[in-house]
C-alpha cells in the first residue's frame, strides 16, 4: 500500500508542471515556459514509468491478498526480502518499457518577438515529416527500438497485469464463496460457554453457529465487493489507454502532435484517456486504503493523536508513592 501511495503521489507531481502551464500566470512567464518546454517530455516519461509501476504493485497486492486469505496462518520469513527484490525488479522493468517516451518526440524551441516570447513544437518521430516540410533526424534503428518498446509497454505494463489482476481477484471471489471465509472465525471458541448446569445448551450452540455464519457471510460479501471494485476500476481506467496506445503503435498518424491543431478528435481522445488514467490513480487510495478497516483505525488513531496530543501519564500507584516520597525527612 505504501508503494502504491508514494508512486501515485510522485505521478501527480510529474503532472503538476503541465497543470500549472494552463494558468496564465505561469503560461505567460518566459522563464517558466522555457523550463516547461525543455523538460515536459521527461516529466511525461517519468509519469508513464510510475503509472506502469503502480499497475504492477496492484498486481502484487492482489496476489498477496489471495494467498493471505487462502492460508492466513502461513507466513514466510523471507517474504519481505523477496517482495523488496520484486519491487526493485519491477521498477527496472517498467522503466525500460516506458523509456521510449523520453525520445518518442522531437521538440523544437524558438524565440520570437526579439526574444521576448518563446514557442515550442513537438512532433512524433514516427510521423510523416515530409507532409509539413520537415526532415526526420531519427535513424531507422531508433525508430525500430521505439516501436518495440511501445509494443512491450502495451504488453508488460497493461495487458499482462490486467490478466493477472482479473485471474487472482476471480480466484479470491471463488475462494470466498467456496470456504465461507473462516478467516475471522478459524479458531473455535471454548465450549464452556455452551454448558448450562452440566448440560449442553442447544440454543446457545445454534445461536453461536448462526452468528459465525452471519459473520462469514458479511466478510465474504465485503471481500467480493472489493475485488469487483478493483477489477472494474482497473478495466475502466486502463483499458482505453491500452487501446489508444496499441492503435497509435500500429498507425502513427493517429497520434496527436503540436502540428495537428486542426484535428481536435485526436486531442479529445488523448485527453479522455489521460483523464481516466489519472482518475484511476486517485481512486487507488480509496480502494486500497480507505476500504481497509485496519487503515481507517490507524488513521483515526493518528488523527486523534495530532488533534489531542497525549500527555505523560502517571503510573497507577503514583498517588500511593507520592506521600511516601514527600514524607521523607531531609537532614541538612
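Numbering starts at 1 and runs along the chain as displayed.
Placed from the backbone N, Cα and C atoms, the Cβ positions cover glycine too.
Checked against TrEMBL, the range among 22-42, 43-63 recorded as transmembrane segment is 43-63. Of the candidate ranges 204-225, 226-247, TrEMBL annotates residues 226-247 with the feature transmembrane segment. Cβ atoms under 8 Å from those of the transmembrane segment (226-247) belong to residues 55, 58, 62, 150, 153-154, 158-159, 162, 165-166, 169-170, 172-173, 254, 269-270, 272-274, 276-277, 279-280, 283-284, 287, 291 of the same chain, restricted to positions at least 6 beyond its ends. Sequence-distant contacts of the transmembrane segment (267-291) (same chain, six or more residues past either end, CB-CB distance under 8 Å): 1, 4-5, 8, 11-12, 15, 51, 54, 58, 61, 226, 229-230, 233-234, 236-238, 240-241, 244, 256, 260.
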